[in-house]
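Before I ask anything, here is the structure I am working with.
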């Protein structure tokens, strides 16, 4: 059903050649130094793998979500950090701006991404993670500008990204209008009022900094706010739909990491001997290999199915289902592959422990496996489950009556 076209196979080959010839050899260094791989990003840009889905009218390639997912898996198979950078430079913030932004906003974003920038999407806060609608960062209208104050948390690319898409509660004359999205560009010249806070050192995918962002009277012109004719409340839902593609992309990173661990584990089983024969001859390990291959192929099919669903962005439930399965598969497969190596797999000299660490983030970032299950269930059961603290309290009270 999802047989790749000749063009997609060519794209896959091109991505694989770059990833394996350049990114695979620097994956260990990227993990150990925890430094952003600027040279690799430049090669990703030069190969045309940043801004792939941008329309040709602004310099992009006009590729599909499925095309992008194919590339992401290959990048992640070589280096998890490069897989994540490929996601963020093609999906999420740039996708939302391309779909809902003005011509001026699209051109600004396209020029930055095509020049090698990895955009940062700024939603999460210290007290608003899965419940994103509980964010407290606010944007107060002041003439032709909005003044932003607040804090964001776990911002991927903080300190290296230029393009930022910031979500905040919008107020006009003290009256809340809803949650809006604002575009700003951080460079050596500012803007004043945007501060990159402390770095949050992560367990895996260490080549991209995760930081706090602080807004202290950050001034953004009204032309850099994404507007909707139906108002901000419906606009927020539309903007968040861009996250469906981001989730499919995140699942593809998890899959690439797991595929790499699987192939390395299988190769080890073939060459390692114990009790006078290769480990590959032990039936218990053979069954583990079979199960891992089934899980990987199922995850790949689910991700590709999600990628081609929906009109503008992937279907919300298919994206959630695919991310849940791919992320949990990656955690299972990387741990099983490490088990093949025994104590050697536990050592830092072995790439297996890195694969396990890298895979771990994907049942958390971009929607935890638990909150995504809640989302999937609400759709299947035709229920609107409460997404705020007050909503859960009211639901609990009603259930006791």
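The backbone N, Cα and C atoms fix where each Cβ goes, glycine too.
According to Swiss-Prot, the record shows the following:
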SITE      84  site 'Important for activity'
BINDING   121-124, 130, 153-156, 272, 339, 343, 366-370, 387  FAD binding site
BINDING   243, 244  substrate binding site
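Mind running through what each feature is packed against?
For residue 84 (site 'Important for activity'), applying a Cβ distance below 8 Å and a minimum sequence separation of six or more within one chain yields 76, 156, 205, 208, 253.
Using a 10 Å radius centred on the Cβ of residue 272 (FAD binding site) and all shown protein chains, the other Cβ atoms total 14.
Summarising the environment of residue 243 (substrate binding site), the number of other Cβ atoms within 10 Å of its Cβ, over all protein chains shown, is 25.
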Find the one among the binding-site residues 121, 124, 154, 366, 369 whose C-alpha lies closest to that of residue 244 (substrate binding site).
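Ranked by Cα distance from residue 244 (substrate binding site), first place goes to 366.
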CB neighbours of residue 154 (FAD binding site) within 10 A?
19
Considering only the binding-site residues 121, 366, 369, which residue has the minimal Cα-Cα separation from residue 243 (substrate binding site)?
366
Neighbour count first, Cβ atoms within 10 Å, every protein chain included; then name which of 121, 369 tops the list of binding-site residues.
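Max Cβ neighbours within 10 Å, all protein chains included: 121.
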Using a 10 Å cut-off, grab the number of neighbouring Cβ atoms around the Cβ of residue 366 (FAD binding site), all chains included.
23
Least buried of the binding-site residues 124, 244, going by other Cβ atoms within 10 Å?
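Lowest Cβ count within 10 Å among the binding-site residues (124, 244) is 124.
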